[in-house]
Every structure is written in structure tokens, then in C-alpha cells.
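Inspection log for the structure reproduced underneath, given as C-alpha cells.
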């Protein structure tokens, strides 16, 4: 059972998935910090400048509303949405590049195949050599028989 589990874990797809999850998590953390540290302050600045409020909290008050004491933070939703869109777009670009590399033929393999004869070519050469060999034997046997008859 342990051997089967080890084989399962060591298969390429599972390892690729594990690496993808780890890298995706790390990348999402980076994007979250970029959104929280750069994009959200820029959005706050735009709100401050357009609303004429003195602070970002006052300007972003429009993005937070209360219903019977329950606060709905639209700014957090917008931040999460921006994080998701950036992460998804970058992962899309990575997958697109990997798929393009998989479809691209390897030039080294093509050169090796082009340099040497194909299997069909080799088989045709062998056939021709065997036919020539048989013809030579047959011709040689006929000559010997004709010489024996003449004697």
C-alpha cells in the first residue's frame, strides 16, 4: 500500500499539480500585497481627489454601507476581485506559453530524422540487395550447370 502511494505521489501529474498549487499560493500572496499596497491606495487617492474629502476613510465611506448595524465593505470585495483578476490573467499567460512550447516541434529531433534514412528506405535497400544476391546466385548456378552440360 505504501509502495502504491509512493508511485501515485511520484507520478508527473500529481507533482505538477503540487508545484502549481505552491507557486500559485505564493504568487497570490504577492499579488495581494501589490493590490493592498499599491492599487488600493491609488483608488483611495482617486476617491479623495474626486469627492473632495480630506481623508481616504471619508472618501471610501461611499464603499462601505451599513444596514441595521451590519457593515458591508465593498472595498474589500473590489480588492479581492482585483487580486483574482490579476492572478488569473498571469496564470493564463503562463499556461498559454507552456502550451505553445509543447506544440512547438523540437528542431534537433527533426534534423536527426532528416539526416538518416527512414525505416522504409532501409527495408527497400535490404530488399534490393537480397534480390540482387538471389539473381547473382541463380545466374552463377545456371553458368555452372551449362559448363557441366558442355563437358
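Even glycines carry a Cβ here, placed using N, Cα and C.
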Per TrEMBL record, range annotated transmembrane segment [choices 58-76, 77-95, 96-114]: 77-95
Outside the transmembrane segment (12-35), six or more residues from its ends: residues with CB under 8 Å to it: 79, 82-83, 86-87, 90-91
